[in-house]
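Participant: So TrEMBL lists these for the protein:
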BINDING   Gly158, Glu159, Ser160, Gly161, Ala162, Gly163, Lys164, Thr165  ATP binding site
DOMAIN    64-505  domain 'Myosin motor'
REGION    31-55  region 'Disordered'
Amino acid sequence: MASWDVGTRAWFPNPADGFIPGELVERKKLAADDSTSTVETTEEALRDTHNPNLPPLMNPPMFEAAEDLTNLSHLNEPAILQAIKLRYAQKEIYTYSGIVLIATNPFARVDSLYVPQMVQVYTGKQRNSQAPHLFAIAEEAYTDMLRDTRNQTVVVSGESGAGKTVSAKYIMRYFATRGTPGQSLKGSKSRADAISETEEQILATNPVMEAFGNAKTTRNDNSSRFGKYIEIMFDKQTDIIGARIRTYLLERSRLVFQPLKERNYHIFYQLVAGATERERQELSLLPVDQFEYLNQGGDPRIDGVDDAAEFNITKKAFTTINVSESTQREIFKLLAALLHLGNVKITATRTDSSLSATEPSLEKACAILGLNAADFAKWIIKKQLVTRGEKIMSNLTQQQATVVRDSVAKFIYSSLFDWLVEIINRGLATDAVLQQLHTFIGVLDIYGFEHFAKNSFEQFCINYANEKLQQEFNQHVFKLEQEEYIREEIDWTFIDFSDNQPASI
Ligand SMILES: Nc1ncnc2c1ncn2[C@@H]1O[C@H](COP(=O)(O)OP(=O)(O)OP(=O)(O)O)[C@@H](O)[C@H]1O
Ligand SMILES: [Mg+2]
């Protein structure tokens with residue numbers, strides 16, 4: 001439709017639905033006191049389909065659900081929402097927007113989308129020859145890596161619960177099961193059952209990292225509480241030879257505090273639910289509701305999740321990445337010690353605080369950690385200042401001493417987390433691997449934007465990281481586009497976009 005004739009369809013703001021469709025049924029002459037020139041201008045305005053003073057136009061029904069939003073004739077906010085909504089209703093969760101893939105969370109099992117045959121559908125294919133899919137993005141990264149001999153990165157972004165981690169895992173799985181084109185196209189059998197040990201180890205890093213770095217929040221039962229960048233490494237023959245993980249800012253406060261309906265890191269609940277009777281005895285494990293570090297969020301159950309079964313998955317994954325059973329036992333001991341530390345009762349005295357070396361939880365924690373309980377108790381309730389050779393000791397209040405106790409727990413846990421990443425890398429990015437490394441594909445999966453009733457400094461950092469990423473995206477995409485227009489000598493006017501620069505300096 002070239003102009004606002006009768007029958008033109010457009011979007012109108014609506015408080016309940018965002019936008020509702022409308023159609024021009026009649027054009028009326030303006031009131032008599034309007035000057036003729038205004039009428040003429042209005043006529044002109046009605047011919048301009050991009051006039052920002054008029055409601056945004058609808059696309060013809062046939063083209064409303066475009067596979068790529070850039071194909072929409074009328075590209076405006078309601079048209080974009082409509083396209084994604086219509087596709088979602090048809091169980092099409094993926095839509096392109098130029099170089100970007102928009103993934104809507106199906107909140108339902110859509111396993112058929114990711115079966116090995118689907119990997120084959122996308123292997124060796126151009127992106128626009130198949131329906132939009134995560135695998136097409138992975139494939140594009142792979143072919144670009146080969147073509148340009150350059151490292152690639154797939155950035156997954158979105159608010160908390162959007163589906164970033166699930167997507168990142170499917171991307172990793174795609175590379176692990178893809179194989180080289182010759183291999184995967186042979187016969188109808190997928191390569192999935194022939195994945196190499198290295199590929200298996202790379203995939204096994206996921207259950208481990210999630211057990212220690214993910215937790216239930218009010219937004220997501222499996223929310224990542226750290227940022228992750230994994231490089232999947234290829235040699236000259238484009239075989240996967242290893243991987244390297246880098247993590248960012250694990251949320252430490254969660255270890256000692258969880259808001260209502262939230263949980264601490266999954267691994268603790270897995271340990272309490274899945275430990276053998278012997279381990280339970282050895283580590284003096286109590287039920288979840290009796291550990292202060294686990295019971296603040298209330299009911300610890302997650303619908304559809306069996307923590308004991310998850311514990312077995314974590315242990316199996318540990319074994320796959322060559323963490324021996326004895327090392328696993330040491331890790332679990334450390335976790336139990338942290339739980340006991342959280343139960344240590346520091347009492348308030350008239351002036352400061354006291355903690356006896358025989359406080360039962362402290363005894364348990366120290367026994368497991370191999371620490372001297374008397375020394376440990378002393379340094380929780382006292383502090384020492386050293387000034388020019390002089391040592392001044394002072395007592396802490398109950399509140400200050402509790403902060404010290406919690407800080408020790410947070411420090412130990414985050415050191416454990418960093419150590420885990422280190423041993424994963426030691427196994428998957430050995431010197432031999434780094435020598436053969438030709439190119440890699442990175443996958444970035446950070447924690448999504450979030451806004452809770454109470455937001456800590458960590459939420460600020462999480463949201464800031466998301467703003468930075470958005471800024472990177474803006475610059476990259478708009479700069480790239482502009483360069484292309486200049487190269488092709490296209491006459492264009494710069495599109496005004498919502499720039500978050502002020503929030504991401
Ligand atoms: N492609 C998908 N198919 C099926 N379910 C999905 C898919 N993507 C997401 N989900 C569902 O949504 C939940 C949340 O997804 P995910 O954990 O990936 O979110 P996230 O973006 O990583 O969030 P956060 O920032 O909190 O880590 C998943 O546990 C799963 O139930
Ligand atoms: Mg996540």
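Any Cβ shown, glycine's included, is placed from N, Cα and C.
In TrEMBL, annotation is done automatically, which means it is predicted and not curated.
Help me see these features in their spatial surroundings.
Facilitator: Taking a C-beta cut-off of under 8 Å and a sequence gap of six or more, Ser160 (ATP binding site) has these contacts in its own chain: Thr217, Arg219, Asn220, Ser223, Tyr447, Gly448, Phe449, Glu450.
In the predicted model, the domain 'Myosin motor' (64-505) shows an average pLDDT of 93.
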Participant: So for Ala162 (ATP binding site), how many other CB atoms are inside 10 Å of its CB?
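Facilitator: Ala162 (ATP binding site): 18 neighbouring Cβ atoms within 10 Å.
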Participant: Among Gly158, Glu159, Ser160, Gly161, Ala162, Gly163, which binding-site residues lie by ligand 2, judged by Cβ under 6 Å to any atom?
Facilitator: none
Participant: At a 10 Å cut-off from the C-beta of Gly158 (ATP binding site), count the other C-beta atoms across all protein chains.
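Facilitator: Summing over all protein chains shown, Gly158 (ATP binding site) has 18 other Cβ atoms within 10 Å.
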Participant: Residues near the ATP site, Gly158, Glu159, Ser160, Gly161, Ala162, Gly163, Lys164, Thr165 excluded, by Cβ within 8 Å of the Cβ center?
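Facilitator: Once Gly158, Glu159, Ser160, Gly161, Ala162, Gly163, Lys164, Thr165 are set aside, the remaining close residues are Asn105, Asn220, Gly448.
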Participant: What same-chain residues, at least 6 away in sequence, bring their CB to under 8 Å of the CB of Thr165 (ATP binding site)?
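Facilitator: Non-local contacts for Thr165 (ATP binding site): Glu210, Asn214, Asn222, Ser224, Asp445.
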Participant: Using a 10 Å cut-off, grab the number of neighbouring Cβ atoms around the Cβ of Gly161 (ATP binding site), all chains included.
Facilitator: 18
